[in-house]
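Chemist: Quick one: the structure is below, questions incoming.
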Amino acid sequence: MDTKVSTKNSEKTHLASETNNEKFDCFQEYEEKVLLRKIDYRFIPLFAAMFFFSQIDRTNIGNAKITSFPKDIGVNADQFLGAISIFFLGYAIFDVPNNLMLKHYGVRFWLSFIMVGWGICSMSMAAVENVGGLYALRVLLAFRLGCIFALATIGIAFSGVLAYGILQLEGYGELKGWQYLFLIEGIGPILFSTVVFFWMPENPEAAKFLTPKEKKLIKFRLKFESTSAITDREVARKQIIALLKDWRTYMYCLISFTSGVTQYVFGFFLPTILVSFGYDALKTQLMSSPPQFFALLIILPVAYSSGRFLERGYHIAGSCALALAGFIPLIAYEGHNTNAKYIFTTLALTGTNASISLGGIVAGQIYRAHDAPRYLRGHIIAMSFIILQAVASLGLKFYLVRENKRRDALPKDPRYPPDETFNEELCDDHPNWRYVT
């Protein structure tokens with residue numbers, strides 16, 4: 001439901017077919033699948049590693065919060081929350097410019113440059129001495145991360161384990177534990193940027209791991225999948241206006257926004273919540289990882305199921321229900337059983353992760369110091385966003401299901417071939433277009 005895709009021919013189309021008056025019959029369908037798997041094995045680990053490093057470096061400030069970091073640099077509770085939110089403001093501002101730079105300089109160079117930049121920004125946090133420096137570096141970090149999406153769960157899961165180990169260095173040399181945290185976790189992306197630079201080809205022609213025949217197929221596939229590319233400025237202008245006038249656009253934004261709030265709440269404040277249960281600072285770092293690993297076990301089958309059955313609304317709502325199963329008892333429970341509160345928190349986190357950026361601005365202001373130790377207001381606000389996300393997702397799903405049925409009942413229009421599901425003029429108003437719900 002978060003994407004608009006025609007359900008006609010969307011999953012079974014392969015290139016041993018006719019498109020744009022061209023034929024590409026020299027490849028069998030199984031050969032295409034082998035090629036795509038080959039590309040997946042090459043690039044998925046690469047991007048997963050980039051997402052991993054990006055998530056660690058954007059959220060390690062949450063691990064540092066429960067150390068002497070705020071006191072050492074003279075930052076009060078409200079200023080610290082501002083440092084979290086200002087990152088996402090910068091992230092949203094620089095997202096589009098980063099994508100333009102990506103197109104201008106090329107994927108290989110720009111992603112490598114971005115990784116070096118955010119690694120340096122993260123390491124520079126170790127030298128912060130006041131709130132001004134903290135804000136400046138968070139904005140710079142947002143700029144560097146502007147073209148990297150968050151593979152949140154894996155990065156945050158390892159972040160706690162890494163923080164636990166790194167903070168053991170407290171007392172060695174002249175640096176504080178939190179300074180070692182920023183320095184060591186900033187080195188990773190800088191080193192890995194060299195792998196990205198030399199491992200990632202700029203285009204199919206430069207991919208040495210592909211045969212000439214495979215390169216030809218990739219170029220044809222790119223052309224095949226770009227039939228919706230905008231080639232006329234006037235058409236582009238009309239599409240932008242239509243997009244801004246379409247209420248569904250804002251529903252997608254609302255769903256993404258509410259998801260971002262709840263996801264980043266745990267990304268930044270899970271250590272703060274856990275330390276309120278009575279764990280010491282070091283044990284809290286370690287205890288922040290198991291909920292993320294549990295969430296990963298849920299996310300993978302949910303993602304597979306959603307893609308396999310081309311269904312979004314019920315999957316999002318189901319994830320929200322799981323989150324509520326954690327938040328409701330977390331709010332209602334007034335006892336002191338640490339294990340019970342830990343389980344409730346794990347359920348809430350799992351549901352929010354299984355369900356980007358602007359939501360982080362709000363998330364950074366929810367868990368305030370004077371609400372400790374129960375953080376009732378923060379839990380209630382986060383739960384409210386989960387409910388809003390579920391309602392918006394189901395409402396949009398039911399509307400799109402009804403719209404698909406309405407189009408199914410329309411008489412065939414001879415102006416549009418049965419196998420045509422999209423053109424630049426009509427976009428998703430094309431009578432043969434169907435939504436994934």
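Note that Cβ sites are derived from N, Cα and C of the backbone, with glycine treated the same way.
Pasting the relevant annotations from TrEMBL:
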type	residues	note
TRANSMEM	76-94	transmembrane segment
TRANSMEM	106-128	transmembrane segment
TRANSMEM	140-167	transmembrane segment
TRANSMEM	179-200	transmembrane segment
TRANSMEM	261-281	transmembrane segment
TRANSMEM	316-333	transmembrane segment
TRANSMEM	342-367	transmembrane segment
TRANSMEM	379-400	transmembrane segment
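Provide an account of the burial state, proximal residues and distances for the features listed.
Modeler: Counting only same-chain residues 6+ beyond the ends of the transmembrane segment (106-128), those with a CB under 8 A from a CB of the stretch are 50, 53-54, 57, 60-61, 64, 73, 98, 134, 137, 140-141, 143-148, 175, 178-183, 185-190, 192-194, 196-197, 200-202.
With a cut-off of 8 Å between Cβ atoms, the residues of this chain six or more beyond the transmembrane segment (179-200) that come close are 43, 46, 49-50, 53-54, 56-57, 60, 63-64, 67, 107-109, 111-113, 115-116, 118-127, 159, 162-163, 166-167, 169-170, 172.
With a threshold of 8 Å between CB atoms, the same-chain residues lying at least 6 positions outside the transmembrane segment (316-333) that come near it are 1, 255, 262, 298, 302, 340-341, 343-352, 354-355, 376, 379-380, 382-383, 386-387, 389-390, 393-394.
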